[in-house]
Amino acid sequence: MVEHRPLTDFIAYAILTLGVFIVAFPVYLALIASTHDAATVVGGHMPATPGTQTLENYYRAIFVGGARTSREPVANMLINSFVSAIGIAVGKIFISILSAYAVVYFRFPFRKTAFWIIFITLMLPVEVRIYPTYKVVADLRLLDTYAGLILPLIASATGTLLFRQFFMTVPDELLEASRIDGAGPFRFFWDTLLPLSVTTMAALFVIQFIYGWNQYLWPLLITTQDSMQTIVIGIKKMLVATDELAEWQLAMATTVLAMLPPVAVVIFMQRLFVRGLVQTEK
Amino acid sequence: MEKSTVFNNRLLPYMLLLPQLVITVVFFYWPASQAIWQSFLREDAFGLVSEFVGLENYQALFAQPEYYASMLTTIIFSSLVAALSLSIALLFATQADKSLKAAPAYKTLMIWPYAVAPAVAGVLWFFMFQPSLGMLARPLRGMGLDWNPLLNGNHAMMLVVMASVWKQISYNFLFFLAGLQSIPKSVIEASAIDGAGPMRRFWTIIFPLLSPTTFFLLVVNVVYVFFDTFGIIDAVTGGGPAGATTTMVYKVYADGRLGGDLGGSAAQSVVLMIIVIALTAIQFRYVERKVQY
């Protein structure tokens, strides 16, 4: 440190505390709103301290659903979100670790071509080809299915590039040693490469879980039945229903539930998260 | 970079590549080529017959005042979000970098909004600024300002920008902090010995050395504003009022779904594809240059 003036330190703390306040305030309000009854929230004079309706609101949101709008209970949406987020994360890891293994550890005709075919997908997110993708999924009769929610979102190159980068750093001697021990491609992959890749896999899992959980446009288009809705879509539909008459306390309880899993992942697996974030952006 | 030792199997590598290639072709190349093909077709009102119309969809698109309006909205929206979220994040990151003991704790407290879904971030901010019950909307109205993001286009834009900035600060903060921590302390100490004060050091030493990070973040932020803010816009304003928050990506969605104009929507998709490819190309040029630093 160059200089230590008490005033500079004080200003730094003040600015950072303000930052934390700005970041936390909207979520704090949502938490508070989820503990009051409907009238208090809609009245516009909501106190800044928690109310007494916490258990009832969350119970209703999770198991019963709204009264004015015949909405699905959130429990079901949470299951859908979990299934699709984990499906996207695991699916992407599975297909990309295999293809990266092929590209790095084998020589075969069209190797470069295959790599470029995968690589180009980086450039076009699903949003720009949304309706044609919808039509393909509809033609395959995958609307309102988990496969329809998952498969189109794992068609991207981030994972393949990440594993390729990691495999390149694995010393060649390891492969030579296991070949001397008589290991074929399956044994080398299973006994040597996979155990080494655990951290990379975990980092990718964290990033993809958050990505999958937070999807909006795609599930909005391809889920027509309420029973297949993810929680992020569910919140939006709760609010559209009646606007001013919307049950804000339930919507906010749902919002809190929708934030909880991915935020917990970021906070408790911070190291893996930062690692994944930095690596997938290269 | 290539491995010197490899396996020689003939069939196995293709089997390993198969799952990813199949998914990529079915859910990426096929729809993307359909989008391009559709942009040259026009369907009749019932979607039964489509005829080849050449560039007519593009001509119609560029004759639409609404399309230019959505371009302008996108430019205003992107510049505001990128400028605000980058400068606010840089301010917080420089403060956290001052080797405060609490820096790691602040890092944890700052980064978690990354995990909040864009649509959820939109709902949070809408709740605060909803004209009749929002906790922050009431003081605004109390001051005599007719705050109503549901009716006033500028208010709606401000609300969408605030929610988007809020969500993006954490990401920018993380990368700025990493960038700042990788600047050698000796450089900063040397300039301090030469008598440069904190502000001077920041603008003449730190900020220029940080420029690769800043540029990288600028591109990432523009891509973020283009695509990831869809959820925020749809949750907060639905593109309104009167198209005031309809960005180019939102218009692709709205025209195809509500208007049913698939050819026009596909033509917009193609224009967007070209823009994204250009942005990505810029990003890669930058990545290549960074290696030489």
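Every residue gets a Cβ built from N, Cα and C, even glycine.
Not measured: the values here are computed from a predicted model.
Residues annotated as transmembrane segment in TrEMBL: A:12-33 (among others). Distant neighbours of the transmembrane segment (A:12-33): 41, 46-51, 248-249, 252, 255-256, 259; these residues of the same chain sit at least 6 beyond its ends, with a Cβ under 8 Å from one of its Cβ atoms.
Taken from TrEMBL, the feature domain 'ABC transmembrane type-1' covers A:78-269.
The feature transmembrane segment is assigned by TrEMBL to A:82-106 (among others).
Annotation source TrEMBL lists transmembrane segment at A:113-134 (among others). Sequence-remote contacts of a segment are chain residues at least 6 beyond its ends whose Cβ falls under 8 Å from one of its Cβ atoms, and for the transmembrane segment (A:113-134) they are 99, 102-103, 152-153, 155-158, 160-161, 217-218, 221-222.
Taking Cβ pairs closer than 8 Å, the transmembrane segment (A:146-167) reaches residues 80, 83-84, 87-88, 91-93, 95-97, 99-101, 103-105, 118-122, 126, 133, 136-137, 140, 193, 197, 200, 204, 208, 211-212, 215, 218-219, 222-223, 228, 230, 279-280, 282 in its own chain, all 6 or more past its ends. Residues or ranges marked as transmembrane segment by TrEMBL: A:146-167 (among others).
The transmembrane segment annotation in TrEMBL covers A:188-211 (among others).
The transmembrane segment feature in TrEMBL is assigned to A:248-269 (among others).
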